[in-house]
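Some features that TrEMBL has for this protein:
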{"type": "DOMAIN", "residues": "33-84", "note": "domain 'RING-type'"}
{"type": "DOMAIN", "residues": "207-249", "note": "domain 'B box-type'"}
{"type": "DOMAIN", "residues": "356-413", "note": "domain 'COS'"}
{"type": "DOMAIN", "residues": "419-511", "note": "domain 'Fibronectin type-III'"}
{"type": "DOMAIN", "residues": "496-721", "note": "domain 'B30.2/SPRY'"}
């Protein structure tokens, strides 16, 4: 918590009141105790700088003390500091209020409870409530508020005989209010009481001097900067603040008042901004209301469609069951009729009995043959009885297990619009930033809104800036150097908006981009180096020449570095450029070099077969500094074999493992010509890998050196003279 916040939020209120910018009636919420939700009564300042009523502190201590000793009691479940607590008995309150009660009790007591304002635990220590300051400033403001609320209600004289008269003065020394006559009687001219301090009528009488809670007879006259609280001279001499840095109360008063005044002026000056933000919030609330209703309507529509489908399927299934039931019942009815004919009193049996009475043999045979077949068939059906249909409807059971599972998984789906995702690999930042994003269903979005904002060093985030985009990429210009920016994007389909994508944090380079190409004239060795037509890529061919000379190699053989520089020099200011080293590269050096050092390197090339050449001597490549303390006219780092090698220093000469880092995908170089500093960055994270002093007394050039197989590619923004990205790169 900063010093401007330490005095308390009520100092802020006093300043506003003193300036007449805020009326007393507008600050009621600042005067409400967070525990009892009523106006403060004798407020105390807790160690966390929040204020709470004296009685509320006692109630909280008592409640938490009871819950500490009896976990299963009802009080342990009702100890929320934001609830109005029941009034404890006076003997328990007195027991808590006394200093040292914790040591004098056989039962352990607690002095820790959650602050109702910030909900952080505060420990009052052994002194308990006695160690807390009263917030007299807050008491005064509450009293002024009470008077404003009472409006015309008068404060009566405390010493008049009935009926009392309206008071005109209040004596701060006597803690009483007087009418004019009583004041003259009790403060006669020429006596000590005549020197008492008096103010307008009030019911708030506070001590004239703030006393130390640790040393009750000593007045507060100093301010401890370490503990950030007022103290007395005994606290500094032999108390808990003896080894702390303190300042005079007048100095602390002046400093804090100036800071508070500046902060308040800033807040008052932002009144129009606050009003505009309130208007924006009101519009957002209306938009939220409309979008919420629209979302409800869409949800109801989807469920109604499901209901229609279910009703249709229900009707179809019921019809199929009814048709099957009727067919089976008809079959059963036919079978019943057939069996009814087999009964004795029915036609077939009676008819057979009548046929048996026929005496004419030829007539009997003619009739009985057909009748015998019918009876035989009926007899067989009796022997092998089988119902004509099934009674079970198992084939018509509706299986809804899969549909039930799917319905249980019903959830919101971005209002039907997929969330776009920012492509981190294709998003780049230099002076300008290119943001690319991917949307699975481009045709479902009419447009996109790209939002970005700057993140301050203290992680404070400013308001979002919005840009409407029709495609899936956007270039943003005029970003500040050496700053963090957050980016996110959302899709729009009509008035429906998708959720925002995951935020992408990018760090801009420490300086503006320096544009150059490789110089094909100054010292360029086209036998060993291959430069493309754009002059933004160089490759080393030294390995091929070495193979051609392999028949002459019998002993140790050394090759020299081939240098190439930028075609533009630097004579002032801050500049930044970036490049990539191909992963297959054997040895590449990169950095800066002054014009006089380049002349030495390029005019006096080393003998390729010289055994005197020492690769790490520092005399040729500059990778190792001959003198650690003096500033060199060049600084080069070594990259190769997928590693980044930090040059030796006086502190890391014996720790080679600390000098080897994985090779970054892209390497940045920052040169501050005026201060003579050069730094090397990992562009993936914009992290400084190495920094040192460099002599910038001459023109400085971007310098590169290659040995063996290797390649260097300048980043596109470095080679673009006007530093503009293409919209569809």
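These residue numbers are counts, starting from 1, taken along the chain as shown.
Any Cβ shown, glycine's included, is placed from N, Cα and C.
Note that the structure is a prediction, hence the values are computed from the model and not measured.
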Residue distribution over DSSP helix, strand and coil in the domain 'COS' (356-413): 35 helix, 0 strand, 23 coil
Helix-strand-coil residue split for the domain 'B box-type' (207-249), DSSP-based: 7 helix, 11 strand, 25 coil
Local confidence of the prediction over the domain 'B30.2/SPRY' (496-721), expressed as mean pLDDT: 79
